[in-house]
Every structure is written in C-alpha cells, then in structure tokens.
Amino acid sequence: MLELVSKVHDETRQGEAFAPFTVDPNPYKRHFYIESYGCQMNFSDSEIVASILNEEGFGATRNFEEADLIFLNTCSIREKAEQTVRKRLTEFRKLKQARPGLLVGVLGCMAERLKSKFLEEEKLVDIVVGPDAYRTLPNLITEADGGQKAINVLLSREETYADISPVRLNSNGITAFVSIMRGCNNMCSFCVVPFTRGRERSRDAQSILNECQDLFDRGYKEVTLLGQNVDSYYYIAEGATQPVTFANLLERVALISPELRVRFSTSHPKDITDDVLATMAKYENICRYIHLPLQSGSTRVLQLMNRSYSREWYKAKVDRIREYMPDCGISSDIIAGFCTETEADHQDTLDVMRYARYDMSYMFFYSERPGTLAQRRYEDDIPEDVKKRRLQEIVEMQNKLSAESNRQDLGKIFKVLIEGNSKRSELDWMGRNSQNKVIVFAKEQYDLKPGDYVQVTVHDCTQATLLGKITS
Ligand code: 5AD
Ligand code: SF4
C-alpha cells in the first residue's frame, strides 16, 4: 500500500498534524518523494506536482529511501528558510552517492531565485524547476535520466494550473487548500515573492468552484482559498461582461453548501473591501477570521516597505472589520528591525498590535533578500541583537494578547468542525471554531466523527489551545 505524503516544514507551521493519505495499491514503476517548505501556497503547489507526476505514472512514497526521485519544494522568504533547504540537500547528497540512479530536484522559490546557480553550487541536484514550470517536469525528468542537468525556471503571465486536479497530500480528508491566484504585483520592498512567483494572475472562477464542489462531494468540510493577495482576485470569463471579484467568488463558494466552511488567506490591508466584509457577514459558513498582515506599525517604515497604507488606515480597517463582525478573529505578520527602524517606530508596532488585539501573529526579524527593492535601496542597518530584542518584545506582546483573547472565550459556546483526534489523546477530539482557534474536547459517549460539527463550551485554555466540553 502506498501513501502520498508531503512533509510540511515551516517555522510558522511547526507541530502540525502529519496524517498520511492512503491510495489504492497501484503498479507505479518509479516513486517520488516530495518535501514542502514555506507557505501554504507551496504546500498546495506540491499537490499539483503530485498530480502531474501521477499522470505520468510516478507513484508517491512517504519514505525517501524507496524513492527514485526526491523533490524539495523550497522557500526563499527568509535566509533561514534557504539554509534549512541547503542542509537537507546535503543529506540527500549522501544518499545519491550511494544510489547513482536517484534524481534530486529543487522546486519552488529557491529554484526560481538561484536558477542555474543551483546546478553549479549544488552539484548533485539534477533538476531545477520554478513555480510556473511544473507541467514540464516529466520532460525534465527524462532529460535528467539521460544524464543532462535539467532546468526550467520560466515564469508565466498565464499559468494557473486551473485544469489540474491536485492530489491531496498529507490530508485529513476534512480541510483542503484551493489556490485561486498566483504571483504578486505588490512589490513590498522586503519581499522576494514578486521575483520568485512572478506577476499576479487569477484562476478561472468556474474551475475554482468545480474544485470546491468536488471536495465537498468527497466529504471535505472546509476549503481555504489561497493567494498572495486574495482581495485583488479578478477574473473575466470569455464572453462575460461582468468580472468576478473576490467578494463574488467568496459568495459563490459559500453557496455550494452551508455545510462547507470557507476560509481565505492572505488579505492585504490596502485591498480588503467592504464588499468582502459584507459577504463574510452575510454567510455563516464564511469563517470569522482574517489574516491581515501589519508588517510594521510605523507609517514611516510602512512607506519604506512600500505597503501603501498608514498606521491610521490600518487601525481604521480593524475598526471596519469589527463593525461588520464584532466576533471576527484577526491575525498578523510582523517584521522587527526593518531598515532604519527606530525605537519609536518599534513602539508604534507594539501600539498597533495592542489596538488590533491580534489573536495570533507570525513574527520575524528582517532578513535582507538579494534583488529586493529594500536590498537595492536601503542599508540593512539594524544590528542583529537589536532586531532580536525587538522581536522578543513583539513576541511577548503577542503572547499577552493571545492569552487575553483566549480568556475572553471562557464560557462561550462555539460551533466546532472536528478535524481528528487531538495530538495528546485518542479520547479527545481536535477541531477549530470559526475564528480559527483550535479547541480540544473529550469525545465522551457521543457518536461523532471527523467532519462533524459540534457545539462546544470553552472552560479552560492553554497558550495556544482552548479546552472545552461538548454541549448536548
Ligand atoms: N524578512 C523577514 N520577513 C519577511 N517576510 C517577507 N519577507 C521577509 C523578509 N525579507 C514576512 C512578511 C510576510 C510573511 C509571509 O513573511 O511578514 O507577510
Ligand atoms: Fe510579498 Fe507583499 Fe506580495 Fe505579500 S503582498 S507576497 S509580502 S510582495
């Protein structure tokens, strides 16, 4: 029996459940192993790659030792992410020396950023493929089999892989990611993504709806619509007069069934519209949760970051969200120690965090990336110890806010979608509420299963988890 698995490696997603997805026994002659690093988009791309390889007769394996092809789907967002991949490659290098037929491929953002340099630097990498070139993988594998170094890092203005049905890797059978657009046009000055993932393009709305419907028909209960900047989703079908905006798309996905929860990520504070907020408020199955990256709370730093909003604008957006949905969860991404950041700028960040009362944040210190606007224009002038101290203060602030947010939930009743057993005990279920908070509760005598909704009263909390009891 073969199992399809993609390991998720991300500083921000550590500790996530690792549930193998099993397929029927099949006669695949060669097997691939794929490991994903970085954002949810990469994870979702690995599912497209798996589908392309399956079509070509390659079976997935969760054991790299029995693989004929090993792929790393890589991330370039911070230097540390790249270092992790390089370390992993040295491990596979040893394996390759012992098994000459084995091919090692690098996919994703590092492939795009380093291009042929990868083949020069990492002599034992055979295949290098950028995020828009996965359809050419089968040909590249043939080239590599013939002893050539195979590379395709062409970016595309059109590719959305709309017609490819992703093979769900690492799936719990209940929640799935659905990619709705690719690339990014924003050019935040610190960010390498516009260079590694190219220009923004939206996927055919009907193909998104078909994929969501198909997931629902197969028993999935939650879809997360993915894009670097979902609010700029914009699609005009051939012959249509009206475009489909993100608000329209959300509504159409929500209408598939009230039993299907809809989430999305990531929103840009400058682009999220009242239409989107009104649509969220209108449908109970669109989750009350918005990931709204702040990056910095200082208007001066935001300007240098090219974020196109001020601290006041951001705070007004938070107000607007709470006007539409007083119970909406909000989370953030924050960067400490961007170029020229002063103590006063840093205090501004802590101040906006307090104002927004984030339930959760992903927090980083600034890591200069080659080729970005910031690297070309500004000096990375904040000493590492200062960056780290500021980051520590940001983390402490978030811990306080998360604890406060969890305390506010004590005694409340939430509708929870059961995702599976809790990590600690088979006697407990783990699920999420609409606000994306994890809730753990005893199974008791009830006959429930993953994919069921259940009302749970919260009676306690740890730092990251709410603890509850089924409300009969
Ligand atoms: N340094 C640190 N953090 C970064 N991010 C993006 N680029 C950098 C960088 N150069 C963070 C941003 C973004 C998240 C995905 O990663 O906060 O929202
Ligand atoms: Fe990077 Fe900004 Fe685009 Fe996000 S919106 S991917 S931070 S350029």
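Glycine is treated like the rest: Cβ placed from N, Cα and C.
Please treat TrEMBL annotations as automatic predictions, because they have not gone through curation.
These features come from TrEMBL:
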{"type": "DOMAIN", "residues": "30-146", "note": "domain 'MTTase N-terminal'"}
{"type": "BINDING", "residues": "C39, C75, C109", "note": "[4Fe-4S] cluster 1 binding site"}
{"type": "DOMAIN", "residues": "170-404", "note": "domain 'Radical SAM core'"}
{"type": "BINDING", "residues": "C184, C188, C191", "note": "[4Fe-4S] cluster 2 binding site"}
{"type": "DOMAIN", "residues": "407-472", "note": "domain 'TRAM'"}
Secondary structure composition of the domain 'TRAM' (407-472) [DSSP: H/G/I, E/B, coil]: 3 helix, 33 strand, 30 coil
Site with most surrounding Cβ atoms, counting all protein chains shown within 10 Å, from the binding-site residues C39, C109, C184, C188, C191: C109
Using Cα positions only, nearest of the binding-site residues to C75 ([4Fe-4S] cluster 1 binding site) (C184, C188, C191): C191
Count of other CB atoms lying within 10 Å of the CB belonging to C75 ([4Fe-4S] cluster 1 binding site): 26
Neighbourhood of ligand 1 - binding-site residues from C109, C184, C191 with Cβ under 6 Å: C191
C109 ([4Fe-4S] cluster 1 binding site) to C191 ([4Fe-4S] cluster 2 binding site) - Cα separation in whole Å: 12
Output field, [4Fe-4S] cluster 1 shell: CB within 8 Å of site CB centroid, site C39, C75, C109 dropped: Y37, G38, M41, N42, T74, S76, I77, A81, G108, V193, T196
Nearest-integer angstrom distance between the alpha carbons (Cα) of C39 ([4Fe-4S] cluster 1 binding site) and C184 ([4Fe-4S] cluster 2 binding site): 14
Candidates near ligand 2 among the binding-site residues C75, C109, C184, C191, judged by a Cβ under 6 angstroms: C184, C191
CB-centroid shell, 8 A cutoff, [4Fe-4S] cluster 2 site C184, C188, C191, site residues removed: N186, M187, F190, V192, V193, P194, Q228
Where C188 ([4Fe-4S] cluster 2 binding site) falls in three-state DSSP terms: coil
Helix, strand or coil at C109 ([4Fe-4S] cluster 1 binding site) [DSSP, three-state]: helix
Residues in the domain 'MTTase N-terminal' (30-146) grouped by DSSP into helix, strand and remaining coil: 63 helix, 26 strand, 28 coil
